[in-house]
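Scroll down for the structure; my scribbles are underneath it.
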Amino acid sequence: MTAILERRESERLWGRFCNWITSTENRLYIGWFGVLMIPTLLTATSVFIIAFIAAPPVDIDGIREPVSGSLLYGNNIISGAIIPTSAAIGLHFYPIWEAASVDEWLYNGGPYELIVLHFLLGVACYMGREWELSFRLGMRPWIAVAYSAPVAAATAVFLIYPIGQGSFSDGMPLGISGTFNFMIVFQAEHNILMHPFHMLGVAGVFGGSLFSAMHGSLVTSSLIRETTENESANAGYRFGQEEETYNIVAAHGYFGRLIFQYASFNNSRSLHFFLAAWPVVGIWFTALGISTMAFNLNGFNFNQSVVDSQGRVINTWADIINRANLGMEVMHERNAHNFPLDLAAIEAPSTNG
């Protein structure tokens, strides 16, 4: 009898917990994805803050020349970063218990792997939580689909690219200058500026910014005034009202006369779908481009592609970019190797005369 009562009590507790977790009445929705999201993001955030402030230098290249990244070791907000896990570790799973000591774990850049893996799991769960809340509210799932673009980009940079290159040391450092360094090295090694998927991503990001600014300014400029000229237009609206707050016909007419008739949308749904889809598809392509370049399927190479009738090279912009790439690659990991591979592979000229 006692066992039955205890089981019923535990079932009631579990049922109450389930109802609380999945309740849409909470100030912040938790959901089952949130059960995993909260601890993973808290772990990633707390370790990032501690490591950014106090982590010792990391032997990123695996050549016993540690690189400092934390504030207490001489960096500032701009130059500071979480240094990626050492090349000596490669792609091995490297939790604290795999190292001989905490000092060794820190020296080999263990915090980077810990932060990145928890962060990726956390943002994936955040995306799942968006879908879960939409489902429980009877909404369509497109919010989570849109969020999949930055999740895909982060996964490509922090996970797919290191896998393709064979080491977490090739991942993006977690800092401002570290991000720029990653971008420069990526251009030097993969010629990303000449990759069509990156071009689509640039069009998506900048085009999305342009369209968002155009839409916001058009809506703000075509509000339906419910007040007198002496009152603020904002005073004529209440949150959640059923009536339209702006005149889409007026906005459509204005934009059609500004450019041409068919350059503007007269359907609100198709307009907002376009505003969402343009940057999302662009960022999807960027993530796909990073993932292909991770396995060295690089941008187009048009080096020395134009020659005159005598066979002499006529330099193009592609050749200028190639020279810049070589210079950036020489500067990269200057202690790990003397020359980039494409320079070192060239046969040296004879010195015998």
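Each Cβ is built from the backbone N, Cα and C atoms, and glycine gets one as well.
Note that the structure is predicted; figures quoted are calculated from it, not measured.
Quick look at what Swiss-Prot lists:
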- T2: phosphothreonine (MOD_RES)
- T2: N-acetylthreonine (MOD_RES)
- Y126: pheophytin a binding site (BINDING)
- Y161: site 'Tyrosine radical intermediate' (SITE)
- H215, H272: Fe cation binding site (BINDING)
- H215, S264, F265: quinone binding site (BINDING)
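Overlay of Swiss-Prot feature records on the structure.
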| residue | record | Cβ contacts under 8 Å, 6 or more apart |
| --- | --- | --- |
| Y126 | pheophytin a binding site | F33, M37, L41, Y147 |
| Y161 | site 'Tyrosine radical intermediate' | D170, G171, M172, I290, S291, M293, A294 |
| H215 | Fe cation binding site | L271, L275 |
| S264 | quinone binding site | A251, H252, F255, G256 |
| F265 | quinone binding site | H252, L271, F274 |
| H272 | Fe cation binding site | none |
Check your understanding: Which residues, in sequence order, are found in the same chain with Cβ within 8 Å of the centroid defined by the Cβ atoms of H215, S264, F265 at the quinone site, excluding those residues themselves?
Key -> M214, L218, A251, H252, F255, L271, F274
Check your understanding: What span in Å does the quinone site cover, taken as the longest CA to CA distance among H215, S264, F265?
Key -> 10
Revision key, fill the gap. The correct three-state DSSP answer for F265 (quinone binding site) is coil
